[in-house]
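Asks: One structure coming up, written as structure tokens, with questions to follow.
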Amino acid sequence: MLRGVTLISLCTATATSWTSRTFSTFSRPPRVAVVGAGPAGLYVCAGVLRRIPECDMDIYESNMVPYGLARYGIAPDHPEMKNCIAHFDRLFVENQDRLKLFCNVDIGRDIKFDELCSDYDAVVLAYGARRQRRLKIPGIRATNVFSGGDFVFWYNGMSDLCSSKAPLLNCKEAVVIGNGNVALDCSRVILSSGTDRLLNTDIPTPILDTFSRSRIRNVTIVGRRGPLDVSFTIKELREQITLPNCSFSVEIESSDLLAVKEALQTLPRAKKRIVELILNNIHIDKLRSDRHCQLLFHRTPTKVITDDHGLVKALQVTHSVSGHKEDLPCGLLLYCIGFENVALDGIPVNENGEIKMLDTVRVATEEEILVYAAGWCAHTPRGIIAHTQMNASNVADRLCSDLQKYGLRTAQITGSHQRLLLRKVEYLTWNDWKKIDEEEKRLGIVHGKKREKLLNFENFVSSNK
């Protein structure tokens, strides 16, 4: 669920009606560009169209299909978390004359940022946190070592990852670094392989076949800090603990256990429930089932150990309290340590290389250029749907207010569509996406599930539309 914390809850909220309207007057319809067709960008679109119904909005998405983490970041056994996609579908249908989609378009490569700014009255950046935080230890580039994000994108069928080398699941041991929901998602999906839990999900059939051949029976989740510092939610933890045909145990040092128990009564209710659940599963018998998940704390990864062929065979860790070193055997290593913000070429940046913001919604550009940022690309790459919706609503409010305050460009602008045509960029439109959507649903019926995700979209791409 690629959420650092709760990526997975990205689409749980019920969307409000897209059709409420407010009064506005302009000499011509305002034209706004949105970079990113994930939840943050689409919630901004919904907010702007509620306030300025005549606004023309063009959405540019670097992926071949829309919906971002709602499609590729949510665990396949959590289909209810993807309900927002139906609301976004309705947004496009109800505003088809004003809302245009351009997928497979890279802002910075196909269209320059300054070109985008000159082609629109306002620009909204909502492209998410594109770069995964890398674990900087010796051996990290060994074969069969992946970031948690890449692993999630792979089993969700993100096409560019599926065409590259897939994870090898022919080992018995896997290690997952991280104490967030993404780590639990990865562990749960791995330990569900070969069972009926994944059969009716939208995992693409070729990837499901790979999971069906998995030999992994033990997953060790490694936390660099202690039980009081975990960032997963109780729902995901309970789901891992109660996973059918899989046992679960926690290892906590006796000295650490005493400190945790003393701190328990001072914790906020939500964190207290999580810690109590952890304490209730200390040293459960490992032999009670064929598959097992173990949770370790205070282990700092120090080195990836490989065999003679460069394949990972163990993770060396150091206990942060005792200093004791140990090697954790594994043929698959995942590190789930979050994402970091990256500014696209041409976008103003701060000293950390992140988007330079004037405030929580406005990008620090020249005064006459109205540029905003929403979601993870502007803020910390974590959070629940309520935060995403609130931030998107604030961006929409500010954008509409600024358009009223500063007015529109004097020229009759037409957006960047013509640039794509002249450069023969092969992009996909909303109509192309609906053809893909219909084909995936048709194939889903054939395979006995709701959707069979396609891994290749070449047949749906054409240029000069």
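The backbone N, Cα and C atoms fix where each Cβ goes, and this holds for glycine too.
What TrEMBL says about a protein is an automatic prediction, not a curated fact.
Keep in mind that what you see is a predicted model, and the values were worked out from it rather than measured.
Pulled these from TrEMBL:
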SIGNAL    1-17  signal peptide
DOMAIN    31-222  domain 'FAD/NAD(P)-binding'
BINDING   A40, E61, L69, I107, W376, G383, I384, I385  FAD binding site
BINDING   N179, G180, N181, V182, R224, R225, E236, G383  NADP(+) binding site
Asks: Provide, as an integer number of angstrom, the distance between the C-alpha atoms of R225 (NADP(+) binding site) and W376 (FAD binding site).
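Replies: Computed Cα spacing between R225 (NADP(+) binding site) and W376 (FAD binding site) is 25 Å.
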Asks: Which of the binding-site residues A40, E61, I107, W376 has its Cα closest in space to the Cα of N181 (NADP(+) binding site)?
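Replies: Closest by Cα distance to N181 (NADP(+) binding site) among the binding-site residues A40, E61, I107, W376: W376.
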Asks: Distance check, please: Cα of A40 (FAD binding site) against Cα of V182 (NADP(+) binding site), rounded to an integer number of angstrom.
Replies: 20
Asks: Could you measure between I107 (FAD binding site) and N179 (NADP(+) binding site) for me? Cα positions, answer in whole angstrom.
Replies: 34
Asks: For W376 (FAD binding site), identify the closest of the binding-site residues N179, V182, R224, E236, judging by Cα separation.
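Replies: Nearest listed residue in space: V182.
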Asks: Cα-Cα, whole number of Å: L69 (FAD binding site) versus V182 (NADP(+) binding site)?
Replies: 13
Asks: Per residue, counting other C-beta atoms within 10 angstroms of the C-beta, which of the binding-site residues A40, L69, I107, V182 reaches the highest number?
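Replies: That would be V182, with the highest Cβ count within 10 Å.
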Asks: Could you check the binding-site residues R224, R225 and say which one's CB has the most other CB atoms within 10 Å?
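Replies: For the binding-site residues R224, R225, the Cβ with the most other Cβ atoms within 10 Å is R224.
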Asks: Return the residues near E61 (FAD binding site) by Cβ distance under 8 Å, restricted to its own chain and a separation of at least 6 in sequence.
Replies: G36, A37, G68, L101, F102, C103, N104, V105
Asks: In the three-state scheme derived from DSSP, which category covers N179 (NADP(+) binding site)?
Replies: coil
Asks: Specify the count of other C-beta atoms within 10 Å of the C-beta of W376 (FAD binding site).
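Replies: Cβ-Cβ neighbours of W376 (FAD binding site) within 10 Å number 29.
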Asks: Along the domain 'FAD/NAD(P)-binding' (31-222), what average pLDDT does this model show?
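Replies: That stretch averages a pLDDT of 94.
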